[in-house]
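Okay, so here's the structure we're looking at.
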């Protein structure tokens with residue numbers, strides 16, 4: 001039933017928990033949503049769902065575990081999703097949910113209200129969901145999922161507003177945290193970003209219709225034209241070919257997630273007017289300036305380290321080469337693996353290009369270090385292949401704090417950088433040198449020429465700085481200790 | 001049942017039809033074979049099979065459609081394959097076979113002979129299989145598969161030799177064409193290469209045991225040490241920790257398949273003492289020398305064009321950049337795709353990094369051109385993204401002749417280079433320039449400083465030159481016309 | 001996904017929509033529930049669900065389409081249902097639900113309330129569910145299923161009572177119609193029957209624990225001792241080995257469904273203190289008295305007509321014989337049948353014992369006639385086999401009115417007896433004679449020596465009489481016309 | 001993959017191992033074969049296969065584990081089996097075969113010979129198969145299955161005859177044992193029975209075409225007219241609407257399997273000109289005469305004991321009643337059952353009709369006793385329900401010898417009657433009386449007014465008498481001891 005039972009090898013990356021996509025005004029809208037979700041698969045690989053609306057067939061939905069391409073490409077599935085309006089969602093399911101019930105947690109969620117039906121899909125995380133949930137249950141709400149996003153539906157059900165879009169505003173004003181939302185009624189496609197705009201959401205135009213997407217790469221796949229980003233705190237309602245914008249929240253300065261640039265988003269997406277690929281390449285340039293080292297080869301840890309490695313090589317003049325080869329047939333996961341397979345770890349996914357590495361001083365460029373376990377294994381592989389020296393260069397600052405805004409992070413104690421200095425990390429991983437790009441270097445790479453503004457940081461960088469733009473109240477209630485003010 | 005029903009997007013590459021792997025003298029040998037086949041998955045993605053032998057449980061086998069990682073990692077499947085001796089096979093199934101019967105065509109094949117059981121797996125193609133099959137049926141053989149490789153089993157059954165290894169020799173002396181074979185009896189692991197050594201086969205050592213593999217990358221994954229290549233025309237019999245070599249065929253000069261260097265083999269494998277990655281990088285260097293062009297960006301067609309693009313960029317001094325991004329969640333195929341999906345073509349797999357490409361003169365480096373259809377689509381994508389110029393550089397000579405030695409090639413009339421000159425191809429694809437590396441340039445890149453020896457070519461290059469080292473007799477009987485002598 | 005897509009051959013029986021079972025105070029309670037549901041499979045064959053509770057693992061559930069024996073016997077499924085308290089449900093899904101969402105409609109339903117979790121399973125039908133649903137949605141309830149039974153959960157959520165059993169009372173006092181309910185909290189197993197006791201519910205004792213079941217046959221299978229029926233209007237709460245009884249509703253005289261005796265219940269169950277088998281046999285005796293005919297053979301329409309045929313044969317002295325043989329390998333349904341299969345109809349399920357039938361005057365005894373289509377086909381088969389005469393005797397009065405209390409009946413216009421007299425039916429079916437047992441004869445067979453009390457009928461016999469003990473208000477709102485008072 | 005992994009509850013019946021069916025001269029012949037096999041499902045429930053031939057599409061086949069109705073009713077499967085000529089087979093797989101390979105053992109088998117293709121399906125057992133197999137392997141044959149029937153294909157391949165029907169004769173003259181065979185070439189449907197005619201085979205006419213079937217009930221389902229039985233030792237070849245008969249074997253007196261009448265065949269089939277139902281009813285009459293007992297109720301062990309119970313009741317004047325009710329939703333088997341399910345045994349399948357049994361002296365009529373384990377459990381159930389006395393009457397003589405002609409029997413030591421006298425059996429089962437019909441009584445019931453002819457028995461009754469009409473040479477070679485001459 002559930003194709004993804006274990007993740008033995010990917011525990012060393014932060015994981016975006018969701019991608020969202022919606023389209024209105026095109027025939028067979030669900031097919032476009034499926035394509036869009038396929039392009040957003042990197043934001044959530046475990047399950048996907050699509051809701052469509054057709055005047056005759058009403059609202060329909062399909063939810064499946066597994067890749068979009070394995071489910072939402074099938075004619076029999078897509079035939080159940082007619083209509084010219086549809087939204088969808090891909091998700092990475094968090095550890096706590098149990099097998100048998102988890103399909104219920106797959107979005108979009110749907111509510112049949114007295115004033116009509118509404119489906120909603122959400123990227124982000126509500127930091128007061130536990131409190132809201134408790135309160136809603138006390139008032140008679142029956143929750144069907146373990147997902148915090150279901151709160152939004154119940155808040156809408158209790159709103160006294162006469163239109164669904166007003167009810168969405170009511171509901172979202174009650175929640176805290178980070179959220180980008182796509183929703184649909186029988187006639188409207190709706191998009192909203194939280195006041196800080198932590199998670200991305202973009203608007204595209206396709207024929208006479210419109211699309212909303214987490215990233216621009218998903219507009220490309222359906223041949224939609226990129227119109228603009230939805231602004232932090234903005235709501236757009238698209239109906240009959242018209243886009244209406246409103247601003248339901250108190251005004252605030254945006255704090256977009258800087259880790260979207262570092263790792264989450266696809267390199268061919270454009271965020272905040274900048275190419276992600278170019279930003280990553282530029283991080284490599286910054287790294288080469290901040291942490292140069294004499295070596296024979298700049299080698300990316302594939303595939304996410306590649307743009308920064310290209311930048312590092314170009315800036316340093318050291319040749320770029322593919323010293324580590326990725327097995328293209330390696331899915332993320334195995335079903336019921338044997339013990340032996342479980343123990344193979346990273347070797348199933350990566351192999352060293354021994355002839356290239358042998359005898360060389362190698363600079364390995366990776367995007368981030370989370371637990372550090374994979375870094376250690378890669379170092380072992382490189383040394384086994386006969387490298388003379390191994391230098392790690394990391395295209396992000398040390399990840400020392402958990403994210404509460406829609407990213408799956410280990411508890412703080414398991415983050416290598418939360419418990420070790422850079423030197424201790426270097427020794428633990430066992431390399432000749434280890435350097436992270438500075439927070440200012442990262443800000444420069446995303447285009448802030450003056451680096452980070454410590455008074456009013458331009459981005460959410462809580463995972464690096466420990467400065468949370470929205471106090472995570474549920475987590476604090478459960479004992480999480482915020483960083484002491486400096 | 002059969003997960004791979006159509007291949008809408010990959011019709012523009014030549015396809016290796018098989019990978020083989022065997023191991024003896026290690027506990028749970030089938031697990032090692034599964035890992036080896038996983039590393040060889042690029043040689044055949046449609047189905048795989050493993051046979052193991054255990055003194056108590058006898059010979060056992062499992063055959064499955066789909067990826068190795070989806071089948072031969074499961075504890076319940078692997079539990080049916082006990083023993084310290086096992087061989088396996090991955091295959092790309094050719095078009096002709098029908099769904100219901102095709103699992104029979106999955107190797108290894110097994111024969112129970114009067115003198116004991118023997119399993120055999122084969123990479124290559126027998127060019128006199130049709131004749132042999134007809135003759136064997138006339139003598140009472142019942143074929144169970146449509147695979148030509150089954151002839152070997154029936155030839156063995158009719159051999160009067162007293163040992164299975166002698167019967168294998170008898171059988172292989174009767175066949176023509178290209179073959180690398182791994183076979184197993186109750187006590188022996190056997191490897192053989194045809195007299196010309198067209199297909200690869202290497203020997204590795206693991207603990208007290210040994211492994212045979214199509215490529216060295218599969219030795220790496222199990223932690224085996226690469227010992228040496230099996231020589232053209234050599235047979236090795238491994239029993240009780242001892243490797244015995246013999247040469248059952250008339251001596252001949254080797255003619256290894258040069259396309260293994262160009263595309264089939266993994267870049268981290270070592271063929272003929274050379275790193276495949278380094279050879280491909282060197283082809284890029286040769287290309288940059290032979291066909292320079294002024295441009296702003298060297299961009300690989302991912303992933304196979306990357307090493308050559310790195311070489312081209314290094315030699316030409318033009319910056320290397322990832323102008324085309326590959327969707328990592330794109331499998332090769334879809335099950336029952338909708339019409340809309342079918343029409344999406346290459347866009348499902350590749351997206352242009354628009355911000356990088358825009359306004360630039362782009363050199364696209366690809367490994368080969370077969371039908372040319374994908375090249376055309378990629379060119380369209382690049383131009384749509386605003387490239388100023390598009391120059392194609394191909395890291396192999398024009399592919400103008402079909403392969404009959406174990407590679408799935410379109411019929412000759414569908415090979416672009418069989419019907420057009422380089423200029424016609426350039427116009428048909430619609431690019432500013434199109435250049436292929438010369439045959440001599442390719443030979444230089446694989447280490448032949450003097451280029452190709454026209455009197456006695458060092459490799460099999462029939463797909464480029466039309467000079468077939470073994471006359472394809474079945475195909476000639478069916479009307480294939482060899483190239484006229486020059 | 002959904003194993004049961006069509007029902008080409010069984011459209012000519014009324015169908016019970018549910019069976020319910022619960023057990024408390026035994027290890028691995030879910031296994032007992034699975035066995036009980038297997039014994040109740042005739043009450044609902046399309047899907048089943050089980051919820052269990054364990055102090056450590058909390059509430060767990062599994063829902064599956066298909067037979068109990070194909071799902072809830074598997075070790076991997078049952079391992080997800082730990083604990084010593086569990087309830088379950090089998091259902092026949094009504095026509096309206098759509099494939100993708102229907103698993104949501106499978107009971108038990110579960111609600112997490114502020115005062116704890118509660119699961120509930122329901123046999124029957126609520127005749128004011130549409131009104132309740134509308135009202136609840138207006139007050140902010142989010143329905144997850146198309147099942148009317150979900151109303152009960154939402155009514156409980158809105159109750160202000162401090163205990164879950166009091167909330168169940170609140171909820172059930174608000175509903176109208178027929179219902180037998182089993183429910184569970186973390187510590188209690190609860191059973192309730194509606195004031196008229198239309199649907200059955202019995203109490204059994206197993207070891208130190210207790211079981212609740214739709215029928216006694218399900219107590220037999222787990223080796224439980226039959227204690228007593230739950231009385232109409234009674235609620236039992238079982239906790240810590242103690243059964244506490246209460247009567248939450250206004251007192252009323254019971255009106256048990258008489259069709260349970262005729263067809264729904266299993267012949268080895270005991271209802272109202274009477275063996276169902278014996279009652280059916282006695283109906284045959286009454287029929288033989290009321291509608292004798294000279295003939296050579298009394299032949300049941302298998303399997304439901306067998307007990308009445310035995311009674312008819314014994315009373316009439318005409319030999320009993322199996323003139324129609326049932327194919328034991330005929331499931332109820334096919335997945336995607338070919339057209340030819342679809343057209344085979346009843347022949348796939350039944351075959352005539354030609355040698356026995358030939359030349360004989362045959363009395364066919366069937367339990368009921370709904371649309372009459374199957375009766376016609378059986379008559380054709382019997383005549384084709386050479387019967388001299390065919391006489392139909394039906395072990396129930398003409399079914400002329402739909403049931404709104406938990407039975408799937410065709411709309412009234414499709415009930416043969418709603419539009420034809422007995423003689424018209426005889427001619428339409430094409431038999432030599434057709435007789436139904438009288439309503440009084442049926443009452444005598446169930447033990448009412450004086451027959452039916454027209455002032456205060458002892459049973460619900462609305463399907464025969466058109467006299468509905470509870471006005472079906474939703475249906476009346478949708479245009480259903482009650483029988484005019486006589 | 002394999003739906004039937006265990007048979008916890010059916011180990012107490014002999015099992016027919018095969019049913020065969022073929023049809024020629026009708027459009028979509030495979031659909032008719034599927035229907036025929038569905039009607040023959042009782043002869044083999046574990047797997048089925050169909051081969052069809054179409055002039056354009058050639059020979060095609062499909063083989064599946066599981067019921068015919070679950071596989072060969074699906075449009076996608078049947079679409080792969082075009083043509084107006086097809087044969088099929090259902091089988092009960094014997095214990096020895098291993099999961100992964102067993103689909104190979106499913107018939108029909110197919111051979112591509114120099115003179116054309118031929119498919120063959122076989123009901124029965126070859127008693128010299130082991131010797132033949134060894135000899136064929138020595139001569140170079142490669143066996144693909146563990147099925148003895150594959151010998152026939154290899155014998156055909158080695159025959160020098162010019163036509164396939166002559167090759168079939170050659171092959172069948174070389175085998176010993178019991179066999180009914182249907183075979184097909186591109187133009188012919190062929191049927192053969194062994195010289196003794198141990199297994200049944202009948203000819204039917206459908207439209208302009210013909211059908212061959214193990215039993216007449218399968219002719220009924222497709223609407224074919226029963227023409228005649230194929231005679232012992234006869235071969236029929238049907239081509240272009242003409243049936244040609246020949247007699248390839250030395251003449252012999254027929255010895256049809258008497259157990260087909262007792263249990264294997266369906267009651268609605270006609271064997272040797274007699275209704276099976278009528279024969280079984282008559283066995284009950286004989287039993288009532290041979291072994292009368294005072295009692296209150298004659299109760300069949302469902303379903304196979306029913307006809308004999310009807311006969312016993314009619315003859316004795318004791319009322320017939322259904323004291324044991326069968327669960328209609330009980331398939332034969334479970335997939336991976338839990339331990340608890342495994343221990344439930346017969347209770348999952350049968351329940352006592354307690355109200356009917358209580359206080360009564362009950363005569364239980366069953367068709368046969370094999371190991372006796374089920375008889376014991378049924379006795380327990382009947383006594384638990386309060387029966388005053390239990391008398392077993394068995395509608396066959398004691399089963400004391402294994403069958404080697406196509407029936408799955410336990411080894412001799414496990415047959416209750418092989419080690420105990422009738423009285424010992426009565427005590428071991430624990431009933432008030434136990435009586436078997438005499439061998440002469442059985443012969444009288446099948447129409448032999450004088451009973452069994454001890455000099456030249458009219459039937460094969462080896463399972464009762466130990467007199468084997470064909471010496472089982474393979475089994476003797478393995479140590480089986482024939483009964484000493486009397």
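All positions are counted from 1 along the displayed chain.
The backbone N, Cα and C atoms fix where each Cβ goes, and this holds for glycine too.
DSSP assigns residue B:18 (active site, nucleophile) to a strand. Same-chain residues at least 6 positions away in sequence with a Cβ under 8 Å from that of residue B:18 (active site, nucleophile) are, in sequence order, B:43, B:44, B:89, B:90, B:91, B:92, B:107, B:121, B:122, B:123, B:124, B:214, B:406. Residues or ranges marked as active site, nucleophile by TrEMBL: B:18.
As annotated by TrEMBL, domain 'Glutamine amidotransferase type-2' applies to B:18-241.
Taken residue by residue with DSSP, residue B:460 ([4Fe-4S] cluster binding site) is part of a strand. Annotated [4Fe-4S] cluster binding site per TrEMBL: B:257, B:403, B:460, B:463, in sequence order.
Annotation comment: TrEMBL describes B:304, B:366, B:367 as Mg(2+) binding site. A strand conformation is recorded for residue B:366 (Mg(2+) binding site) in the three-state DSSP classification.
The secondary structure of residue B:257 ([4Fe-4S] cluster binding site), as reduced to three states from DSSP, is extended strand. Taking the mean position of the Cβ atoms of B:304, B:366, B:367 as the Mg(2+) site, the remaining same-chain residues with a Cβ inside 8 Å of that point are B:263, B:300, B:301, B:305, B:308, B:365, B:368, B:394, B:395. Cβ-based neighbour count (10 Å, all protein chains) for residue B:403 ([4Fe-4S] cluster binding site) stands at 23.
Same-chain residues that are not part of B:257, B:403, B:460, B:463 yet have a Cβ within 8 Å of the Cβ center of the [4Fe-4S] cluster site turn out to be B:198, B:258, B:259, B:405, B:407, B:461, B:462. Across the structure, residue B:257 ([4Fe-4S] cluster binding site) and residue B:366 (Mg(2+) binding site) are spaced 19 Å apart at their Cα atoms. For the domain 'Glutamine amidotransferase type-2' (B:18-241), the model's average pLDDT works out to 93.
For residue B:367 (Mg(2+) binding site), the nearest of the binding-site residues by C-alpha distance turns out to be B:463; the candidates were B:403, B:460, B:463. Sequence-distant neighbours of residue B:366 (Mg(2+) binding site): residues of the same chain at least 6 apart with a C-beta under 8 Å from its C-beta are B:300, B:301, B:304, B:305, B:375, B:378, B:392, B:393, B:394, B:395.
Here the Cβ of residue B:304 (Mg(2+) binding site) has 20 other Cβ atoms within 10 Å, regardless of which shown protein chain they belong to. A sphere of 10 angstroms centred on the C-beta of residue B:463 ([4Fe-4S] cluster binding site) encloses 28 other C-beta atoms. In the three-state DSSP scheme, residue B:403 ([4Fe-4S] cluster binding site) is classed as coil.
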